[in-house]
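Here the structure is laid out as structure tokens; the discussion comes afterwards.
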Ligand SMILES: Nc1nc2c(ncn2[C@@H]2O[C@H](COP(=O)(O)OP(=O)(O)OP(=O)(O)O)[C@@H](O)[C@H]2O)c(=O)[nH]1
Ligand SMILES: [Mg+2]
């Protein structure tokens, strides 16, 4: 914040060689830099082809498309510019050098977006959405990030904040202007409003963590007895021989992970050592790792061989909501039900049932992580602040004195404001005076 008078620049496109490299600038010195390096200011928001020259020597450094975005209608809200250079490392280096000579400095990570936030071009959740959009690797992640960058979460939160602000205004009015001609049930209305808002926030908190999961990816662990065909299933789902398969029980020791995209959701599929009591110390360590991985996973695939009785671990995980898979149905029929649910009958060898297994995994991925098309909480800090806001609303609802209701509503508002980065309770008086015309 202390350096906001600086003019900053950075390579905005990826590193390495490319047809085009985009260098972006922001800050009060942008216009000056353009005049000196590009021979003048181009028309605002229109691409113009310019020769870029080194200050001093006047040597031509590149022929580039130059864009000029005067404040405040720019990404950062400051004067901004873009130089679309030829994408060679020497071009980028020479132009960067020229910009530095003219007094611009390299930007710090995230500094453009930070300035956009500080200049009220976006709230914190939109800034996070942009970071997520740049990091998005799958379709559902992209959708969720774009929605957040577009302000969907901010709008939800600001809607709640506006409601809360009115409740607070009513409550304050009831306290401050008790003798005036105000409706007598203002305090009751504030409490009822707090209860309704609390319930609404609670439904968003009860989203099963979908938004966070979609950002982070879903972890699915494959667990079961030795030789059940776990590694074979991992390989078919991954479409490559990621794990060693053999007829010997106890082949897999380490956890073998592959990354898949299912229903637009990034999924880490983890194959683990077959569970049994026998085996050497290496196998036993593998089994410990298997159990730990399953314990941390979002979903467990409990696999057993259809030609053998389901093992204890399969029965246990079935009871805990695992997806139960009977493999090797080319050798025997799968049992009708385990913990009351028919297992998915598959054969990693013949391919039977694998399409159904894949579809089931896609459905589970969607259930766990959503499709990215609602305004979701995507970070623990959103959840923490909303949990706090809901707690303060509960406090407001139950508070015995008007002043305490008021204080709890203020605290709830501050908690909400932390998520968007716009903490403000000053506007309360505007509402009080605007709505009730107190004192005219
Ligand atoms: N008939 C038949 N054989 C299978 C099938 N799936 C796997 N196998 C065979 O079963 C044996 C064990 O397969 P793996 O995939 O290594 O089994 P695993 O569960 O990973 O075994 P561990 O790593 O030892 O726990 C291998 O010989 C596979 O070829 C199947 O669907 N049908
Ligand atoms: Mg294995």
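The backbone N, Cα and C atoms fix where each Cβ goes, glycine too.
Cβ neighbour count for residue 121 ((6S)-5-formyl-5,6,7,8-tetrahydrofolate binding site) (all protein chains, 10 Å cutoff from its Cβ): 18. Annotated (6S)-5-formyl-5,6,7,8-tetrahydrofolate binding site per TrEMBL: 24, 82, 121, 440, in sequence order.
The Cβ of residue 246 (GTP binding site) lies under 8 Å from no Cβ of any same-chain residue at least six residues away in sequence. The GTP binding site feature in TrEMBL is assigned to 227-232, 246-252, 271-274.
The Mg(2+) binding site feature in TrEMBL is assigned to 231, 252. DSSP assigns residue 252 (GTP binding site) to coil in the three-state reduction, outside any helix or strand.
Secondary structure by DSSP for the domain 'TrmE-type G' (217-366): 46 helix, 37 strand, 67 coil. Here TrEMBL flags 217-366 as domain 'TrmE-type G'.
Taking the C-alpha atom of residue 252 (GTP binding site) as reference, the shortest distance to any of the binding-site residues 24, 82, 121, 231 belongs to 231. Across the fold, the C-alpha of residue 230 (GTP binding site) and the C-alpha of residue 82 ((6S)-5-formyl-5,6,7,8-tetrahydrofolate binding site) stand 52 Å from each other. Calculated from their C-alpha atoms, the gap between residue 231 (Mg(2+) binding site) and residue 273 (GTP binding site) amounts to 9 Å.
Around residue 82 ((6S)-5-formyl-5,6,7,8-tetrahydrofolate binding site), taking its Cβ as the centre, 18 other Cβ atoms fall within 10 Å, counting all chains.
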